[in-house]
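Quick notes on the structure that follows.
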Amino acid sequence: MKKYAYYELSVIQYILLIHGTQVGIGVLTIPRELAEQAGTDGWISLFIGWAAAVLVSLVTTNMMKRYPDKTIIDIFHLLLGKYLGKVATILMAMYFAIASIVFIANTTAIINVWILSQTPAYIIVALFAIPAYMVVQGGMRVIGRYSELVFYLTLWMPLVLATALKDAHWLHLLPLIKEGWMPILTASQTTILSFLGFEMAYFVYPFLQKKQYASIGIVVANTLTLLVYLYITIICFAFFCPDEIVEYVWPTLNLWKVIEYRFLERIDIIFLAFYLFILSTTALPYLYFTVFSTSQLFNSRDHRKHLWVLLTLITVMAWVYTPSFIDLKKMTQTWSYAGLIFAYLLPLLAWGPIWLSKRAGGKEA
Amino acid sequence: MAMRGWLRRKKTSVKDRLSHSGEPVRVREISDQLSENIAELNAIFTLTPDLVIRTFDSRHAGGKVTLVYLTGLVDKNSINNNVLRPLLSHREGESSSIFDLLSVGKVTVVYDFQTVENDILKGSSVLFIEGRKEALVVETNGWPQRALEDPQLEASLKGAHQGFVETDSQNIALIRRYIPNRELKIKEIWVGERGDTKLSIMFLADVVNPEVLQELEDRLGRIKVDSILNTGELEEYIEDNPYSPFPQFITTERPDTTASHLLQGKIAVVVDRSPSVMIAPVSFASFFQNVDDYSIRWPVASFIRLLRYLAFIVATFLPAIYIALISFNYEVIPLDLILSIGESREKVPFPPLLEALLMELTLEMLRESGIRLPAPIGQTVGIVGGIVIGQAVVQAGIVSNIMVIVVAFTAIASFIIPNYDMSSAVRLIRFVMMVLAAMFGIVGIVVGLMALIGHLISLQSLGVPYGSPLAPVRFSDWKDLFVRLPLWKMLERPTGARTVQEKRQGDNQPEGDAK
């Protein structure tokens, strides 16, 4: 019995949904983070992060292949039994909830700093809740279409950004590996986390129409993400002075600030506003899988009520407590650790038992 | 959610009240006594002065015959020539069966008064014959109707100049003229307890998706209302999302548009007594297509297509962008430009949102007042609106020059959208965007756009995605989306309607001289 057949995703939607989840706030900060740790060699660590992400995604996909019609939650219930399964589901939902909340808090903070400095944070969160509800209420089908459409809608961004290249100083990148491999390896800690998002495969896999492309798809998604990060990092490194770049919190935005036309200035504001589209493709899947997990927990078929509650909760939270920048950093740390456990460790740990149990089960049958 | 549930509950209670539940329907058989039949008729049709009951002797029937009809709903010539004359005059050697004498195409035999009543009300005439427990229903329908005219709402340059009229049989004939094919099937459904409207569902049986057709039939079958007076009413009862501002079906008054949609595997519903035909399932993109697109050269047609999408964006967002740039994000505009805008706004006392709302509302009023005015008075609206308001409002310093330009440009842009329903939806959304822009600047506009996209891609028309071929992306359909490629490139039917038969044409590419 195929539970999720109704909302099938095409391969391109599968790729772009995972890619969309991976690319988020990271693009705005990653040049600085890399420069802090590895100087202008930082871009090399992106490849290390990519390799790790691809490896784990392949393990994840392989694990999911054992149960082609089940999400991770169904697998939890199958392997761990009713009560432990519920506990695992709650943990999963908490991870996704933390991810969505941290992400929304970060987005709100950037908008607050960069564009709407007078607007209270909770009003901005309430504003974001409107499109979030409209997309997420449609479920997997609509989120898949949304991610795909947004990818095409934002293709102009790298093209416009290329105009900054005329002032680039490629010498900044040389010499390669100037301080040895150590800084590059340290910086790869950051890059590994910026590929978070491939854990969507836990949920998206059963929705995929042509399962034979799952492995290729997830590699393509990771590679697309790598290209985006590489592009932005190299442009930033070539454009800014290596000492200057560390000063900016969001170097990518500063890069946009430089681009100017005779009829349009401060393109960074327009860019950041439109970048909300890309940010939304990260936030919406996390929101959806939070309510997906909780609605499975309560055995309800309608995730919309849970979505209502979640969005209201987030808005109220933003009203009660507006995190400072240090708090935000701590929250992001928490998300990173959770991501490390749920996205990287979980498949590595779970793959062995699942593989063995399926093998044993296969022999019996 | 709670509100939605409440609305639904209320709807069902209205439905219950409408149906005449409780009383079993009384079926009266036709008697063999004419006087009894006439008495029954008089009992059914009280206070009906337009009912004609004519009793006369006919030798063919071997006795008395009664002819009943509603004057005005029947064709008098047909009654005189095809019913009365053959029955009254008698020549030797003629067949004596009444049935054979009536020189009318459709004659049916009925046995109960329920049918008789319905048929009389729909313009047939009924013959009762002394000594027979049956009646003949003769199709003599002929009510007042207008001649074929140019479509008013959807004028076209090169397309046909015949529009639908209020009689469904005529409309079906107009469509059949374009598709003389046996696969063009019609299913009839009667809707409405009192109005009893005939709906004819037309489709190409070997192309249309049977599931979509079934869905439409189910939804039509569920309607329980007094009467459907117009196609627009029908639409509202069967929409997928009744809370959306966007039209989810196309209503057209052009037979050639209808035929083109039928050939694409869509379904047309011809509503009797309504001059517009409903087409389903449709996508967002099909509201930007027009028959003329296919009869002008394809590069020009593509250019016009692009213009329409641009117009959609302008009509939705331009006032909002203006408000956002003036009141929020003025750092985006270069200094010289902002100075000149500031100069024109120098005397204006209102904030940009109020200024824009004032002008937009004026425009909407002008537009609405123009629609239902008789042509001779209509010109006054133009003069008052254009010269008096446009000119004076700027000189009085109530509205800036640039605002007038923005509003005028928006108005022109909204007229380019070829479908009236769609351009009305845009009008509404424009105001939402303006408020969002006034509250949050560019971020508000982007969030509004996000919500708009989110809404459009989750909408469905008869269960078929509304955003197709944009979301879900179907590149094969893009040949007829933003641009219109040459017709010989479109080898397959668009996938939007999930057709069963995909191939549309063979290889027709003209060879030209170059080869």
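Every residue gets a Cβ built from N, Cα and C, even glycine.
In TrEMBL, annotation is done automatically, which means it is predicted and not curated.
Features as listed in TrEMBL:
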| type | residues | note |
| --- | --- | --- |
| TRANSMEM | A:12-30 | transmembrane segment |
| TRANSMEM | A:42-62 | transmembrane segment |
| TRANSMEM | A:83-105 | transmembrane segment |
| TRANSMEM | A:111-134 | transmembrane segment |
| TRANSMEM | A:146-164 | transmembrane segment |
| TRANSMEM | A:184-205 | transmembrane segment |
| TRANSMEM | A:217-240 | transmembrane segment |
| TRANSMEM | A:269-294 | transmembrane segment |
| TRANSMEM | A:306-322 | transmembrane segment |
| TRANSMEM | A:334-356 | transmembrane segment |
If one takes Cβ-Cβ under 8 Å and requires six or more residues beyond its ends, the residues near the transmembrane segment (A:217-240) are 11, 14-16, 18-19, 22-23, 26-27, 30-31, 34-35, 40, 42-43, 46-47, 50, 53-54, 57-58, 60-61, 158, 161-162, 164-165, 167-170, 172-173, 191, 194-195, 197-198, 201, 208, 248, 251-252, 254-255, 258
For the transmembrane segment (A:146-164) and the transmembrane segment (A:269-294), does the number of C-beta pairs under 8 Å, pairs 6 or more apart in sequence, reach 3 or more?
yes
Maximum Cβ pairs under 8 Å to the transmembrane segment (A:184-205) among A:12-30, A:42-62, A:111-134, A:306-322 is reached by A:42-62
Other same-chain positions with a Cβ less than 8 Å from the transmembrane segment (A:83-105) and lying at least 6 residues past its termini are 24-25, 72-73, 76-77, 125, 128, 279, 282-283, 286-287, 289-290, 293-294, 296-297, 310, 314, 317-318, 323, 328, 331-332, 334-335, 338-339, 342
